[in-house]
Amino acid sequence: MIPVIALVGRPNVGKSTLFNRLTHTRDALVADFPGLTRDRKYGRAEVEGHEFIVVDTGGIDGTEDGVETKMAGQSLLAIEEADIVLFMVDARAGLMPADQGIAQHLRSREKATFLVANKTDGIDPDTATADFYSLGLGEVHAIAASHGRGVTQLIEDVMAPYMDAEEPEVELTDEEENAAYWAEQEAQGEDVPPEDPEDDFDPRTLPIKLAIVGRPNVGKSTLTNRILGEDRVVVYDMPGTTRDSIYIPMTRDDREYILIDTAGVRKRGKITETVEKFSVIKTLQAIEDSNVVLLVIDARDGISDQDLSLLGFILNSGRSLVIAVNKWDGMTEEARAQVKDMLDLRLGFVDFARIHFISALHGSGVGNLFESVQEAYDCSTKRVGTSLLTRIMQMAEEDHQPPLVRGRRVKLKYAHAGGYNPPIVVIHGNQVTDLSDSYKRYLMNYFRRSLKVMGTPIRIQFKEGENPFAGKRNPLTPNQMRKRKRLMSHLKKGK
């Protein structure tokens, strides 16, 4: 399961700056659920291929004596729920009493904790971080979050336990090294699409992990019970009756599924127990662990900012998506028309997802959900050959030529599959990384229509070959050398 990293520390030590650096955002609003918990932000991050969920816990302004009360509630739960804690301190301000109080609490927890000294830019990091070793949390990692210095190395150290062990290097004989060298030279000299590797993976042999997510009391557990045909999940007419994600295996139409019923994302005003306040982490982890996400929306409450924030996290994770508008029964035709107009207005950016209008309580429309779930999963795991992708790319280029970049036409060479769930198309060419966003969207939509992909986002990646002449100066011919010599002589006489 994707690890969770919590950023803790005093106010103004740079937690939000590091959060923005890791999530590649400016305003720290990635997967932010307004009003859920004060000053808490959630984001999905990827650094050097390492994926994780990062949580900004807000400032903890505690003292050595009163840290337990200051860290109660949300901040305390954030530390308990996280897999890794980054305890951030201010290298310029030095060691403060609040830092000592927070460190004392962290030492009492069996949690992987890394001490991070921020704001070390422009100063000697060794001198600035010396006092922090007295906190008893081991090595001090010096970074400058505003400039990104030391951040990549920090994440590599933090994520080391979650990385696959590297395979030991195998020593080659002189004959094997010679053969490998010439094979590499031959491969570099050819500019041809790679052959499609043989893949014995059959996605139909694996159960489909279906995460049922949404705000509290939209009917997620009722829908789960309706699908299973039994009261497997405790249901009450009040938000927050499902506290932890529940994994339930099932079979439908000879197809194996694993249903993931998640704790809902709720507003701060409806929270009555502290244990309910951090269930959003369970939801985000369930999304990452799933193949298809079923987002349940309450037709009578409409689409809230929390729904859109959750939808944004689903899209960022690349998971397949099916939308269920629940509590459709009993609504007038006029009210239904208003809901459909609202869906068209606010969900236009996810036009690839199927939308179903259901009643989990009475079962109407529930049976059709699995057709869309199966379709979305099949589309996200469908294997497509290099020749077909290249042909689609060429047709897109013929219908609408790439724009000029610095006076030269962008050249698209070939395309191949780069991954699945979500489908990734890798396009090779010259200057492809300089393509405008509008043309990239055009290519993405063209591939979606041509491949008839529904229920899953599709991603386009661009790669361009190295220019063998980059950074090299052309040698002058003898004639050019003589002309240069005469010119330099003329310039000297002019002085």
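The backbone N, Cα and C atoms fix where each Cβ goes, and this holds for glycine too.
Taken straight from Swiss-Prot:
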type	residues	note
BINDING	9-16, 56-60, 118-121	GTP 1 binding site
BINDING	214-221, 261-265, 326-329	GTP 2 binding site
DOMAIN	3-166	domain 'EngA-type G 1'
DOMAIN	208-381	domain 'EngA-type G 2'
DOMAIN	382-466	domain 'KH-like'
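A simple way to gauge crowding: the CB of N217 (GTP 2 binding site) has 20 other CB atoms within 10 angstroms, across all the protein chains here.
The two recorded residues, W328 (GTP 2 binding site) and T120 (GTP 1 binding site), have Cα atoms 56 Å apart. Counting every protein chain shown, the number of other Cβ atoms lying within 10 Å of the Cβ of K15 (GTP 1 binding site) is 29.
In this structure, the C-alpha atom of T120 (GTP 1 binding site) lies 42 angstrom from that of G214 (GTP 2 binding site). For the domain 'KH-like' (382-466), the DSSP counts in helix, strand and coil order read 32 helix, 26 strand, 27 coil.
Here the Cβ of T120 (GTP 1 binding site) has 25 other Cβ atoms within 10 Å, regardless of which shown protein chain they belong to.
Rounded to a whole number, the distance between the Cα atoms of T57 (GTP 1 binding site) and T262 (GTP 2 binding site) is 22 Å. Looking only at the domain 'EngA-type G 2' (208-381), the predicted model's pLDDT averages out at 80. Note: the Cα of K15 (GTP 1 binding site) and the Cα of G214 (GTP 2 binding site) are spaced 28 Å from each other. Comparing the Cα of N217 (GTP 2 binding site) with the Cα of every entry in G9, N12, T57, I60, these being the binding-site residues, the smallest distance points to T57.
In the three-state DSSP reading, G9 (GTP 1 binding site) counts as strand.
A straight line from the CA of K220 (GTP 2 binding site) to the CA of G9 (GTP 1 binding site) spans 36 Å.
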